[in-house]
Amino acid sequence: MTAVKEVLRRPIGHFTERSVAGLLVVTGAGAAFGLLLMLVRFHWGPLQHADRAVAAWFNDLVAPHGPLVTVLQAVTDLGGRPILIWLVTIAVVGLLIRRQPRLAVYLIITGVGGLILDPSLKTLVGRLRPVVDVPVASAPGNSFPSGHALGSFVAYGALLLVFLPALAPRWRKPVIALVATDVALVGLTRIALGVHYVSDVLAGWLLGAAWLGVTAYAFRLWRRERGRPVPPLTEGLEPEAGHDIAPAPAEEHVLEHPRSAVAELLVGWVLVFGALYGFGMYVSFHAKGTFLATLDTEVPRWFAERHTDTLTDLSWWWSKFGDTHAILLVSLVFCPLVLAVWRRWRPVLFVALAMFGELSLFLASARAVDRPRPPVENLDGPMPTSSFPSGHIAATICLYTAIAVLVMARTDRWWRWLTVVLAVVMPVGVATSRMYRGMHHPTDFMGAILLAALWIGLLYWVIRPNADVREGNRPSIESEDVSTLDDELARAARPAPAVAQKPPAAAQISPAAPAATQTSPAATRTSPAATRTD
């Protein structure tokens, strides 16, 4: 409390200096953007010539190299709306779970503002995109300003300001440099791919800097109005929230013995691959005349004879639940939520290894066995991988089983059983749709079950994803109550009452003794640290 009072009673000189400097930066960025906008709007010749020359130079450099184009497209996607919206949405949900509504509101307002500025200005300016000799990429809409440059600057900048307090001081400068590099690369890839001029990207950066500066300044004024100290931006927007927004502040080690765990997983991976290879070779080439061979022949034929338009459409939708995009989407939503609620990296590691291990086992065993698809109509056409095992089914089983394993151990709410239902219904639905579409044999389904059972079982034994629950960890939403903290800071910010004139020393003798016998409530509290025995 004393520290809070000292901070709040400091002269406002530091705040004023930082505010003036910040306003100058914001004003400068806004003025530069306005000047660039006018030059583009009135078709200033030197700027147009420079833009076209740079676009042509990059096109000559990039167009002949297909792998380089692929790399540039991967980097530019980091500034696309799908990734930025996912990052901001997950961050907002995590902040609300950690009871940080002010920071969540800041992210929402900043992100929505960026989404509004991009299309509205493009419509007002109406600048066409570059025309190059050999187009290597395309983008809808107008060109000025670059939405990727604007969006990446605003989104990554806002996320950095929010989560900077959660970083250790030694990591802050490297992370700031990493974010700046990411934003710069996103802008450069837009020029290199021929979808924006240099002036488009510069305008996106300038507008992003101005908007980010305005929202950050407004947030700092909001803090000051609530009686909170206003630190420099190098400490983030809300330094006192650092512990609350840290991903896993109480987790010293993800794994107690990482080297032995890696060795166990590598050995286990080889053994699982061996089991898959042996079973796959048997059912593919050595099971003639057995029940399994009859099953692999009759089931695909039975499904092929019952094709209807309705069932075909339904099977397409069910099949999509097991493809790479759906599996990745569910994983990228579930893992951040687990981290936000339970503040542990180990469950996230469990899910990540489940999916990476499944993918590597599927690709390796499919390549080694090289089983042909069923001899019926393949509704999905030629596929790049062989039939055994089913990657769709294996990925679905691994993902939803991993989710059920984590959720069942971490909550006693009734809805936890929904994860068990999903772990059964989703794989069965995907398996039925894949066999209906003529893409897999029944024993491919069995191979997927074998892969998931062995790999998830191995991970559960090595990673122990629920070890923290047995150690007493509960859903960790332990932030200080916002209203209580605000009231305390507001009281501390009030001027101290006038001190009465000090009485003569003789008059202090009598009251002093009773006052000394009064016991302060703070003194009667026993510190947990003091009572702990070593």
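The backbone N, Cα and C atoms fix where each Cβ goes, glycine too.
Just so you know, TrEMBL annotations are computer predictions that nobody has curated.
What TrEMBL lists as transmembrane segment is 20-44 (among others).
Residues 103-104, 107-108, 111, 115, 147-149, 151-152, 155, 158-159, 162-163, 182-183, 185-187, 190, 245, 332-333, 336-337, 339-340 of the same chain lie 6 or more positions beyond the ends of the transmembrane segment (78-96) yet place their CB under 8 Å from a CB of it. For 78-96 (among others), the entry in TrEMBL reads transmembrane segment.
Annotated transmembrane segment per TrEMBL: 103-121 (among others), in sequence order. Tertiary proximity for the transmembrane segment (103-121) is limited to same-chain residues at least six positions away from its ends with a CB under 8 Å from its CB atoms, namely 37, 81, 84-85, 88, 91-92, 95-96, 141, 144-145, 147, 150-151, 154-155, 158-159, 162, 207-208, 211-212, 215, 219, 237-238, 241, 245.
According to TrEMBL, the domain 'Phosphatidic acid phosphatase type 2/haloperoxidase' annotation covers 103-216 (among others). Residue counts for the domain 'Phosphatidic acid phosphatase type 2/haloperoxidase' (103-216) under DSSP, helix first, then strand, then coil, are 86 helix, 0 strand, 28 coil.
The transmembrane segment feature in TrEMBL is assigned to 149-168 (among others).
Annotated transmembrane segment per TrEMBL: 175-195 (among others), in sequence order.
According to TrEMBL, the feature transmembrane segment maps to 201-219 (among others).
Positions annotated as transmembrane segment by TrEMBL: 265-285 (among others).
Taken from TrEMBL, the feature transmembrane segment applies to 324-342 (among others). Long-range neighbours of the transmembrane segment (324-342) within the same chain, counting only residues 6 or more positions beyond its ends whose Cβ lies under 8 Å from a Cβ of the stretch, are 86, 90, 93-94, 97-98, 247-248, 348, 351-352, 355, 395-396, 399, 403, 406, 410, 468, 473, 475-477.
What TrEMBL records for 348-460 (among others) is domain 'Phosphatidic acid phosphatase type 2/haloperoxidase'.
Annotation comment: TrEMBL describes 349-369 (among others) as transmembrane segment.
The feature transmembrane segment is assigned by TrEMBL to 389-407 (among others). Through the fold, the transmembrane segment (389-407) approaches residues 276, 280, 319, 321-324, 327, 330-331, 334, 338, 347, 350-351, 354-355, 357-359, 361-363, 365-366, 416, 419-420, 422-423, 426-427, 430-431, 434, 439-440, 444-445, 447-452, 455-456, 459-460, 465-466 of its own chain, all at least 6 residues removed from its boundaries and within a Cβ separation under 8 Å.
Residues or ranges marked as transmembrane segment by TrEMBL: 414-433 (among others).
Residues of the same chain lying 6 or more positions beyond the ends of the transmembrane segment (445-463) and with a Cβ under 8 Å from any Cβ of it are 255, 261, 264-265, 268-269, 271-272, 275-276, 279-280, 283, 346, 349-350, 353-354, 357-358, 361-362, 365, 388-391, 393-394, 397-398, 401-402, 405, 427, 431, 434-435. Taken from TrEMBL, the feature transmembrane segment applies to 445-463 (among others).
The region 'Disordered' annotation in TrEMBL covers 472-534.
Look at TrEMBL and you will find 478-487 tagged as compositional bias 'Acidic residues'.
Residues 19, 22-23, 25-26, 29-30, 32-33, 36-37, 40, 102, 106, 109-110, 113-114, 117, 121, 144-154, 157-158, 161, 183, 187-188, 190-191, 233, 237 of the same chain, all 6+ positions outside the transmembrane segment (201-219), place their C-beta atoms under 8 angstroms from a C-beta of that stretch. If you average pLDDT over the domain 'Phosphatidic acid phosphatase type 2/haloperoxidase' (103-216) in this model, you get 88. Outside the transmembrane segment (414-433), and at least 6 residues removed from its termini, the chain residues within Cβ reach (under 8 Å) are 314-319, 321-322, 390, 392-393, 396-397, 400-401, 403-404, 407-408, 440, 445, 448.
Sequence-remote contacts of a segment are chain residues at least 6 beyond its ends whose Cβ falls under 8 Å from one of its Cβ atoms, and for the transmembrane segment (265-285) they are 292-293, 296, 353, 357, 360-361, 364-365, 368-369, 371, 388-389, 441, 443, 446-447, 450-451, 454-455, 458-459, 462.
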